[in-house]
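Listed in Swiss-Prot for this protein:
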- Lys35: N6-(pyridoxal phosphate)lysine (MOD_RES)
- Lys35: active site, proton acceptor (ACT_SITE)
- Arg130, Met301: substrate binding site (BINDING)
- Tyr253: active site, proton acceptor (ACT_SITE)
Amino acid sequence: MTRPIQASLDLQVMKQNLAIVRRAAPEARVWSVVKANAYGHGIERVWSALGATDGFAMLNLEEAITLRERGWKGPILMLEGFFHAQDLEAYDTYRLTTCIHSNWQLKALQNARLNAPLDIYVKVNSGMNRLGFQPERAQTVWQQLRAMRNVGEMTLMSHFAQADHPEGIGEAMRRIALATEGLQCAYSLSNSAATLWHPQAHYDWVRPGIILYGASPSGQWRDIADTGLKPVMTLSSEIIGVQTLSAGERVGYGGGYSVTQEQRIGIVAAGYADGYPRHAPTGTPVLVDGIRTRTVGTVSMDMLAVDLTPCPQAGIGTPVELWGKEIKVDDVASAAGTLGYELLCAVAPRVPFVTT
């Protein structure tokens with residue numbers, strides 16, 4: 001028998017999350033973002049559940065080719081564009097839409113020998129300061145691209161740095177307005193947070209990512225609790241050991257948790273080698289046999305300990321939800337000082353996945 005830990009994916013929930021995105025941005029088309037192997041869910045496992053999308057957005061050329069080979073004929077947007085000039089041959093073959101964010105890409109595209117023009121997303125730096133042309137250069141770049149024989153349809157894109165704040169896109173929108181003054185173009189600006197909370201930035205295409213998987217772009221579940229979005233992934237395991245401890249005994253490496261009175265502790269087959277956060281402190285929420293309780297002590301490589309006081313009936317084989325429909329990944333991440341994004345992306349290869 002295999003270890004009892006597994007990650008279950010509810011693909012019907014993913015379909016529902018996409019429908020919620022469409023209701024949030026009814027006038028825009030949707031790029032479903034499946035970068036980082038679909039945020040750790042597995043692009044080959046989930047892409048068909050997003051089949052009603054208008055396009056897929058990602059980074060990895062191999063994953064884009066996989067989607068084409070699986071039968072996806074719609075648009076595919078490469079969010080960071082091509083990394084080497086020779087990649088343009090594959091972009092041409094598989095008809096990929098490329099982001100252009102730097103001068104060397106302009107030159108490579110101009111010099112490429114393509115069978116047909118590629119659709120282009122021109123990235124403007126609106127304050128994130130990662131990729132993109134400065135706003136004052138945007139129109140010059142736009143005109144350079146418009147003159148190239150290798151360029152098809154063009155869209156202006158940017159990425160908001162603070163869309164999870166109520167006033168978080170004001171300065172970015174000012175920069176974008178400066179960049180596009182007098183320019184007639186399509187726009188793709190909204191990430192997950194802007195899709196939910198800034199309808200003035202929806203324009204032509206929105207790019208939801210984390211919300212498709214049922215986690216919060218702000219890192220706080222309460223911020224999306226009333227949207228109807230639900231978690232797609234449930235990471236679960238079982239209790240494989242029980243200890244009844246007396247006052248003064250300690251649990252785990254370093255003895256970080258001290259028992260104050262007689263207490264039953266359950267040992268769960270899950271640890272940081274599975275992707276559970278090592279820095280999750282005592283008190284991190286967990287569900288045992290449908291009852292909310294807490295972790296105790298330090299998370300080990302392959303195991304963690306939970307307090308069985310609220311669930312005295314629990315024993316060997318009792319099911320444990322580490323995160324999912326009841327224990328939100330955002331809440332586990334918050335306890336561990338990180339984000340749900342990281343935990344979803346970090347589920348280890350040794351954890352088996354099942355889809356429903």
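Here the Cβ of each residue, glycine as well, is placed from N, Cα and C on the backbone.
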**Item:** Packing count at Met301 (substrate binding site) (other Cβ atoms within 10 Å of its Cβ)
**Value:** 12
**Item:** Most crowded position, judged by CB atoms within 10 A, among Lys35, Arg130 as recorded positions
**Value:** Lys35
**Asked** Once the DSSP letters are reduced so that anything not helix or strand counts as coil, what is Met301 (substrate binding site)?
**Response** coil
**Message:** Using a 10 Å radius around its CB, how many other CB atoms surround Tyr253 (active site, proton acceptor)?
**Reply:** 11
**Met301 (substrate binding site) and Tyr253 (active site, proton acceptor), distance between Cα atoms, whole Å** = 11
**Message:** Return only the integer: C-alpha distance in Å from Met301 (substrate binding site) to Lys35 (N6-(pyridoxal phosphate)lysine).
**Reply:** 27
**Asked** What Cα-Cα separation, expressed in whole Å, is found between Arg130 (substrate binding site) and Lys35 (N6-(pyridoxal phosphate)lysine)?
**Response** 17
